[in-house]
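Novice: One structure coming up, written as structure tokens, with questions to follow.
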Amino acid sequence: MAVIVPTPLRPAVDSDGVTPRTPLTGRRRFAIVLAVTGTIVTALVVLSSLVGVRMLAPDDLWRALTAFDARDDAHLLLVNRRLPRAALAVLVGAALGAAGVVMQSLTRNPIAEPGLLGVNAGAAVAVAVAVALAGIVTPFAYFGAALLGAAAAGALVILLGGVRRGSDPVRLVLAGAALSVVLGALAQIVIINGDEQIFDRYRAWAVGSLAGRDLDVLPPAAVLLSLGLVLASLLCRALDATALGPEASRALGARPALVWPTAGLAVVLLAGGATASAGPIAFVGLTAPHVARLLVGSAHHRMLPVAMALGATLVLVADTLGRVVAPPGEVGVGIMVALLGGPFFVALVRRRRVAPL
Amino acid sequence: MTTHTPVRRRTLAAIGLALTAAFASTSCSAPAGEATAPEDSTTATGQWPRTVENADGTSTEIPRQPRRIVATSVSVTGTLLAMNAPVVASGSQVGGVWFDQWADIAEERGLTNLWSVGEFDLEAVMASDPDLIIVVTSGRGALTDQVTDLQSVAPTVVIDYGAQTWQELALELGRATGLETEAQRTIDEFDALVTDVAGAISVPEGTANIISFNGPGQDNPIARGGGSHADLLESLGFTLEDPDPSWHTQAQERADFVWATYENLLELTSETTFILSADDETAQGFAEDPVLANVPAVAAGQVYGLGRNSFRMDPYSSTEVVEHVRALFS
């Protein structure tokens, strides 16, 4: 949770960029929004753990937590699969929301999202190569490959984007888009030349899914994503300044040479970790920051935790719905998020309520 | 493993074309030195020419008993090898490799590797100088669009191996190649092995199931009664558990497997579980899954691999499965 620090770097026009508010009103609003979203996330975690091919009762969950019985299949399922999966959904959603906040502020681009830094494409090509050439099958191996690919691609984009020559958002986004196309093509080449099993495994990863990634992936994901979240929250002040533009931010004493690599590392940890955990999931990193900005304004110490809670909400809803829309099969969380987030974002844009950065 | 480079293929194609032209002009059949003749006992059985029905509804006339067969898909090659058919070239799996269960035999008989599955090279077929080409209609090795091209090289038979057991396939191939006796002998030998093993083993109490275990997050196909895997275990004396068809997650229903979600595996009732495409060690991934601890087969400690090559049933892999079951339960 970000600490509320009164700061001179905060934009003069507060909150949603339309109505100036007093700090007290802003704080109260933030507290209410955070409490409501936090409650929603908790309720969704409970719901998510009960829904599946085998529907469980709240009593099963209560007894699994208070009087675990290894002979009860419901308890085994809850403790080993459903709860870790819900926890991973919260982590992944929060990380994508936070990554979106950092990226949008850093590039001052309202449609920036983690995929734009080449992170998804880097992860995809690494997974494709690992599946096709090394024949990996375990979720943990997917995680490792995807994370390495995401980090390498992220680093390459930052390098190609000319971060050493100062912060140029357009150049960075172009580098990300170009590298994404090249890496995407490379992944396709590898997969097309693989057999059906390789294609199936890759497809299962590429649609974005939390199924089966729970136990193996949760501990390393928790460590990496927590690191990324801490780093992002430390960047709040700097991002407040960066969002004002290069001149203003320099005038306010921000140091782009330090902010950019740190923010880049945060994005790679957050988006790379999330993609490695669940496959590519679009829209969360794009939508959550916009909604957060509408709800609590563009001060990062408020926007970041709200975007994290909204990201977690979106991923939990998508993952839970994905298990009930086409039983007994599952629809991947990546597809469900796109189905839910797409129309929502279009509606948001059409109402012209996208708050300016 | 044998692979062709394009250059080598072209060279072979050129030689093949030259030889074909030379022999055609002197009214000879295939080059005598290169031909792999069928065994004496099976030479020139039946009436020639003969006409066979194809899976695509057409028919093919085969003028004389084939002495150089090309299988464009790797899927039927094992059965051809088992019945000693004079197969000289075949498509291979992804990566240009043969199926493990008969790779040694293919090498021993000098089988030419035409291409990896999904590829097609007419020149490579011509270079093999076939007098019969076998094309399949299912899987990634299907070349139904190239049948006309292939027919310009040699009589081409179209087979749907997906809808039949290897025994039925062997009989069909026997009709096309004049090796009916060899096909029947292959089947009889296998049946004798099954009878022998069925008498030698003690089948565990209760029922058994066969699962292709992929873990949580993916479908886990379970063999249905009537499928070739279930049939084989039943012929060895096992009683197969038939999975609930409502567990199936795919749009198309299948006669051989139910694609079940991971959580449906908790509903299984058998005391014995065989894991497809796995050896006994790999199969323990199922037994060690924390959620499946109370599944009867896991609780009874009776989870076995059906063999690494057990997914695709041909005379060789089926024999491996039967011998493995003998080793487990006798």
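Every residue gets a Cβ built from N, Cα and C, even glycine.
Heads up, TrEMBL stuff is auto-annotated, nobody curated it.
Since this is a predicted model, take the numbers as computed values, not measurements.
What TrEMBL shows for this protein is this:
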| type | residues | note |
| --- | --- | --- |
| TRANSMEM | A:30-53 | transmembrane segment |
| TRANSMEM | A:86-103 | transmembrane segment |
| TRANSMEM | A:115-134 | transmembrane segment |
| TRANSMEM | A:140-160 | transmembrane segment |
| TRANSMEM | A:172-192 | transmembrane segment |
| TRANSMEM | A:217-236 | transmembrane segment |
| TRANSMEM | A:257-274 | transmembrane segment |
| TRANSMEM | A:280-296 | transmembrane segment |
| TRANSMEM | A:303-325 | transmembrane segment |
| TRANSMEM | A:331-349 | transmembrane segment |
Novice: Taking a Cβ cut-off under 8 Å, which residues six or more beyond the ends of the transmembrane segment (A:115-134) line up next to it in the same chain?
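Specialist: Residues 103, 107, 141-142, 145-154, 156-158, 172-173, 175-177, 179-184, 186-187, 190-191, 193-194, 198, 201-202, 205-206, 264, 267-268, 271-272, 275-276, 280, 282, 285.
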Novice: Thinking of Cβ pairs under 8 Å, which stretch from A:30-53, A:86-103, A:140-160, A:331-349 has the most of them with the transmembrane segment (A:217-236)?
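Specialist: Answer, by Cβ pair count: A:86-103.
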Novice: Using Cβ distances below 8 Å and needing 3 or more such pairs, separated by at least 6 in sequence, tell me whether the transmembrane segment (A:30-53) contacts the transmembrane segment (A:331-349).
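Specialist: They do not touch: fewer than three Cβ pairs between the two stretches lie under 8 Å.
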Novice: For the transmembrane segment (A:86-103), give me same-chain residues lying six or more residues beyond its boundaries with a C-beta closer than 8 angstroms to one of its C-beta atoms, as numbers and ranges.
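Specialist: For the transmembrane segment (A:86-103), the far contacts come to 41, 44-45, 48-49, 109, 112-114, 116-117, 210, 213-214, 217-218, 221-222, 225, 228-229, 232, 235, 239, 263, 266-267, 270-271, 273-274, 277-278, 281, 284-289, 292, 300, 303-304, 307-316, 319, 333.
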Novice: Are there residues at least 6 beyond the ends of the transmembrane segment (A:331-349) whose Cβ is under 8 Å from a Cβ of it, and what are they?
Specialist: 89, 204, 206-211, 278-284, 286-287, 290-291, 314-315, 317-319, 321-322, 325
